[in-house]
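Engineer: Once you've had a glance at the structure underneath, I'll fire off some questions.
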Ligand code: DGL
């Protein structure tokens, strides 16, 4: 394995940065390619059939161009729908992002947890399965919020995000039956940890759990013993919809200074 072989992170937009952040802490010298399917954004509004074709096809092009050692689908929507298709299509390890229902159930005292994702993620049988396996004694309330995805994009583009707007996007979850007893929410969309402070300000009594740190540990485990460059490497951000200049400062905070188009 060449030390310069990168790790590829993939999302529809900036959400995967919430997975890249913890991964960089564990592997600070890892060369990174961060790919955003901005031309296909938002995934939460797409159909299962579309994503099952689009995601593996894009990953195939990215793998051919950048020759990564490992790919991370840093998107719950794409993972819950297309992870198996992507694994079948690629000849490198593919790490997925699944809603952190297990740790949320372990943490909950009230036994009411929320799953906050995209509309596409919260309707997946995969989520039923996780709830059944890891939270069978919990009430699991789901809510899909396209508004919160847009607010996360806006925040990273440097726009001010009002706590009230975040509150209004999450409130329909808490207003569902038994919602007043919810003590843990799963941030089941990688965009949402980017708004963790705003969500905490709007709902201070509800703990948040997301998959980012667990995925970072999984990446570190799968690359154990592999060689890395001796110092941090300039990361590449690649966009299917043309390079977005307004995101450059946020991308630079994650070490992504070379912005390209796919
Ligand atoms: N970040 C994505 C996720 O984790 C999807 C957001 C979107 O494109 O709707 O589900």
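Glycine residues also receive a Cβ, built from the backbone N, Cα and C atoms like all the rest.
Just so it is clear, the model here is predicted, and its values are computed rather than measured.
Here's the feature list from TrEMBL:
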| type | residues | note |
| --- | --- | --- |
| BINDING | 11, 12, 43, 44, 76, 77, 190, 191 | substrate binding site |
| ACT_SITE | 75 | active site, proton donor/acceptor |
| ACT_SITE | 189 | active site, proton donor/acceptor |
Engineer: Just the number: how many Å between the Cα atoms of residue 77 (substrate binding site) and residue 189 (active site, proton donor/acceptor)?
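Structural biologist: Between the Cα atoms of residue 77 (substrate binding site) and residue 189 (active site, proton donor/acceptor), the distance comes to 7 Å.
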Engineer: Roughly how many angstrom lie between the C-alpha atoms of residue 190 (substrate binding site) and residue 75 (active site, proton donor/acceptor)?
Structural biologist: 6
Engineer: Relative to the Cβ position of residue 77 (substrate binding site), how many further Cβ atoms are located within 10 Å?
Structural biologist: 33
Engineer: Could you give the Cα-Cα distance between residue 44 (substrate binding site) and residue 189 (active site, proton donor/acceptor), in whole Å?
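Structural biologist: Each residue's Cα considered, residue 44 (substrate binding site) and residue 189 (active site, proton donor/acceptor) end up 9 Å apart.
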Engineer: What three-state class does DSSP give residue 77 (substrate binding site)?
Structural biologist: helix
Engineer: Determine the Cβ neighbour count for residue 44 (substrate binding site): the number of other Cβ atoms within 10 Å of its Cβ.
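Structural biologist: Result for residue 44 (substrate binding site): 22 other Cβ atoms within 10 Å.
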Engineer: Suppose the substrate site is 11, 12, 43, 44, 76, 77, 190, 191. Which further residues of the same chain have a Cβ inside 8 angstroms of that site's Cβ centroid?
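Structural biologist: Apart from the listed residues, the neighbours are 13, 15, 42, 75, 78, 118, 121, 149, 189.
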Engineer: Which ones in the same chain are close to residue 11 (substrate binding site), with CB under 8 Å and 6+ residues apart in sequence?
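Structural biologist: Set apart from residue 11 (substrate binding site) by at least 6 residues yet with Cβ under 8 Å, we have 17, 35, 36, 37, 73, 74, 75, 78, 190.
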